Amino acid sequence: MNKEQLQQMRQAPGFVGALDQSGGSTPKALKAYGIQPDAYQSEEEMFDLIHQMRTRMITSPAFATGKIIGVILFERTMRGKIEGMPTADFLWEKRHIVPFLKVDKGLQDEANGVQLMKPFPELGKLCEEAVGYHVFGTKMRSVIKQANEQGIRDIVEQQFQWGKEILSHGLVPILEPEVDIHCPEKAKAEEILKRELLAQLDKMTEPVMLKITIPTVDNFYKEIIEHPMMLRVVALSGGYSREQANELLSRNHGVIASFSRALVEGLSARQTDAEFNAMLEASIEDVYQASIK
C-alpha cells in the first residue's frame, strides 16, 4: 500500500470523483454528454466513447488543480490508457489523484427492503489485477430501500465481508451502503445503518472508507467519521442536483463528496475544449467548496 496515497485519503482537503459508470449506466451518461445511442453500433464502440469522455476530463487542466484527491474507475478504464500510460498511473503520477476501482457486479433483486450485491466469486482475482495496475482501493455499492432491520444488517455484513477480502490484498475498500433518497423512513433506516456500521467497525483491525447518502439529520454520522477504523467518509449525490447535493453536503462536517453525475452535469461533447474545461473547473470548484466545509 502506498503510504503517501494513504495520507492523502486520510486528510487532504478535496473530494473523490466517481467515473465508474458500468455497462448499464453508460448509455445514460453518454446521452447526458450529448452522444445519442445511434452514434454507436456496439458495446465496444460505446465503451470507446465513454473512455474518450473520461480521458477528456482527466487530461483537462481542471483535473490538475489538486481539488480532486481520488477517483473511482470502472474496470475497462483501469485497463485502458491515457496519453499512453495506464489510467491509474496517469492519475497518480500526472494528477496526484488516488485511483480506486469499482468491484461490484450490480445488485440482486430487492429482498427485506434492500438490494444486496450480486455474488462475485472472482473478487480476489480482480483485486490482484487492480494491485498490478497500482490501484489504491475499491468501491462497491448496495442499496437500502426500506427501514428493515434484517435487510440493513445483511447489507452491512456483506459490505464488511467483501471489505475484509479486499483488505487482505492490500487495497482499501470504500463500502457503499446507499440509502435510497426516496426511502419512506429514510431517517429510521439511517439509524439502523449507523448502529450496524459501528458494531462492525468495532471489530475491525484495519481502516476502511465509507460512501453514504447525505443523512436526513445533519452531522448524523459524526461517531463514524471519528471512529479509529474509519479512514474517510464520502457522500454520494444520490439523485439530487449538484446544487442541492452541495448544499446538503456543506451542512455535514467531515464528509467529502464522491459525486459522479453531479460532476459531469453541464459537460457536452459539442463544447470546445475551452468551454468544456471552464464548465468542469466550475463544477469541481463548487463540489470542492462543499467538501471542505
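Placed from the backbone N, Cα and C atoms, the Cβ positions cover glycine too.
What Swiss-Prot records for this protein:
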- Glu176: active site, proton acceptor (ACT_SITE)
- Lys211: active site, schiff-base intermediate with dihydroxyacetone-P (ACT_SITE)
Collapsed DSSP category at Lys211 (active site, schiff-base intermediate with dihydroxyacetone-P): strand
Inter-residue C-alpha distance, the residue listed as 'active site, proton acceptor' and the residue listed as 'active site, schiff-base intermediate with dihydroxyacetone-P' (nearest angstrom): 5
Other CB atoms within 10 A, centred on Glu176 (active site, proton acceptor): 25
Cβ-Cβ distance under 8 Å to the residue listed as 'active site, schiff-base intermediate with dihydroxyacetone-P', same chain, at least six residues away: Lys139, Arg141, Ile174, Leu175, Glu176, Glu178, Val233, Val234, Ala235, Leu236, Ser258
